[in-house]
Ligand code: MRU
């Protein structure tokens, strides 16, 4: 087990924190550390995990203390910087980090960027250069959030004329998963700031409840009008005509536009198509993996069945099926919003074009 310490989050005056620092680098006299907001403890406790080594970070990734595709990319890059600064074997760190979770392509991307920077660095400057690369990725991700929010505002205005949007989201895609304000929730936040958000419908997102615990936490802090629902209540909302658009993030987008996202996204896409409601994916181009040809080639993480049985009382020994993600085919996706612009219709050609823009 790695070296991970927990500490309560307070602001400079010693009170409860007002910002959401999902991840940050610190350099105390004892040596550099990566500080994570422990997302497993939210919404009731704001506790930080202080990772002093790569093993602790890997453990935090596996337990979902740090999670969400773009943030995993940052964690991977800072993890390499941590390994380099602490004199740990960088190749070994890269292997451990890149394989901590299989589906979000950003994790391997962040690791590879920092490793390449480390290898290309002048003698004795590897650690500093790897850290600079992690910081650069962090800044790029923040800028991507801003651009996606801008493109999203335009797209929503086209898809839902008249404004006053009622948006449905799944899982968590805000500042907790990003160097900026997030992907799908970043677009929702922009609509809220523009006075155009009538209602955010938040799927609880079983079994780990990222919607209830994290999206509701972020929505409440932002003062959004939001309502939480059990995942299986979404159908009746569509029937009642209460959803203008579905906005979700992505963990990996294959070359053909097939999109892996939190399990439960695909049923929403099917519902949305049946009810003629736009289903929109919001993700930076770092989540697009042109090396993965289609949805069948995406490795979907299978997690412990106990995550399901812990939530749902069931006879001792009950087996549970617990894929962390599902894959939505491109024909069910109205549009993909990236920092480079909007992909619609979603085709292999339009995906390549947006990556090269
Ligand atoms: O298992 P998680 O909580 O890491 O899953 C996260 C999601 O599925 C998010 O919706 C996805 O990463 C997009 S985050 C911008």
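Quick reminder: no glycine exception, Cβ is built from N, Cα and C everywhere.
Please treat TrEMBL annotations as automatic predictions, because they have not gone through curation.
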Message: Need one residue: from 125, 154, 210, 302, the one TrEMBL lists with 67, 68, 69, 101, 261, 262 for substrate.
response: 210
Message: For a quick check of packing: other C-beta atoms within 10 Å of the C-beta of residue 101 (substrate binding site), how many?
response: 21
Extra residues within 8 Å (Cβ to Cβ centroid of 67, 68, 69, 101, 210, 261, 262), substrate: 72, 104, 171, 172, 177, 249, 251, 324, 325
- prompt: How far is it from residue 171 (site 'Transition state stabilizer') to residue 69 (substrate binding site), counting Cα to Cα, in Å?
  reply: 12
Message: With the Cβ atom as the reference point and anything under 6 Å counting, tell me which of the binding-site residues (67, 68, 101) are near ligand 1.
response: 67, 68
